[in-house]
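Annotation source TrEMBL lists domain 'Major facilitator superfamily (MFS) profile' at 1-279. The transmembrane segment annotation in TrEMBL covers 6-26, 87-111, 123-145, 152-174, 186-207, 228-248, 254-275.
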Amino acid sequence: GWGWRLSLGLAGIPALLLTVGALLVVDSPNSLIERGRLDEGKAVLRKIRGTDKIEPEFLELVEASRIAKEVKHPFRNLLKRRNRPQLVIAVALQIFQQFTGINAIMFYAPVLFNTLGFGNDASLYSAVITGAVNVLSTVVSIYSVDKVGRRVLLLEAGVQMFISQVIIAIILAFKVKDHSDDLHKGFAILVVVLICTFVSAFAWSWGPLGWLIPSETFPLETRSAGQSVTVCVNLLFTFVIAQAFLSMLCHFKYGIFLFFSGWVLIMSIFALFLIPETKNIPIEEMTERVWKQHWFWRRFMDDDEVAAVTNGGIAKKNGHANGFDPTSQL
């Protein structure tokens, strides 16, 4: 009938919104400065900060852009020791994002709910509910990420996802057998609530932050290469989980949720010890204020000497050391 045409046609609405939104997005100060449009970059920076006292930050951006342009092989530079923390965290975030099980649940929610006895229509409605929860919870992340910080959201969501999946596994283990026709209505509703609880936790943490944290930790000279690796790893493991989930569901049964909850535990420990807080820290200050202060990653910063060879061959270390004046480079 017309159902599949309607579903495909409705996908044009967010596509249209994205297109219109793209026309309204302004260039960032970094982008304008890298293209030599310094006055426009300064004007945008002034507008973002809401003050005219942006000269020191503007000069740092100019200097960072100059250094970035000197890098001829960004992918090779990405593998250097001083860039290892950003690369490891970016790759780990993408792998962990998929091993939360979110795409498995979102892709196959109708199959999963149908297995629990909801029927075709009810399972589709349940999938729509989880999608709506996903959207609304992402809005929560937009308004809270710069207030409470990245680590708090990651760790809180880790606890919430872990508990939700363990309880789901316990319910399915005792109430759903190989030849069960359906799940008792009360337990079925509870499973839907728990899945929505899981989806909401992901949507305000590992979902958006899996993209946000890499975008603000890679230095300008390796940012494009780093983001390319980030997207590549994400799509690779999205493909792996999408291909493997149905077979895993058939073999693991309720254990599929224990499998993903185990990964949630691992990634929460990773976030606790190895992901630093990056709230309100500019990219050009990330090395000094984040990596060199971290108990583990600071050991990779010992060779992070950035040479500024102009004006008498003064050496600048990460933009601030040795009393270096950025204005000398203009």
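Start at 1 and count along the chain as shown; that gives each residue its number.
A Cβ is built for glycine as well, from the same backbone N, Cα and C atoms used for every other residue.
Listed by sequence, the residues of this chain that lie at least six past the ends of the transmembrane segment (87-111) yet keep a Cβ under 8 A from its Cβ atoms are 78-79, 120, 123-124, 126-127, 130-131, 134, 161, 165, 195, 198-199, 202, 206-207, 209-210, 213-214, 217-218, 226, 229-230, 233-234, 237-238, 240-242, 245-246, 248-249, 256-257, 259-260, 263-264, 266-267, 270, 274-275. Confidence in the domain 'Major facilitator superfamily (MFS) profile' (1-279), given as mean pLDDT, stands at 88.
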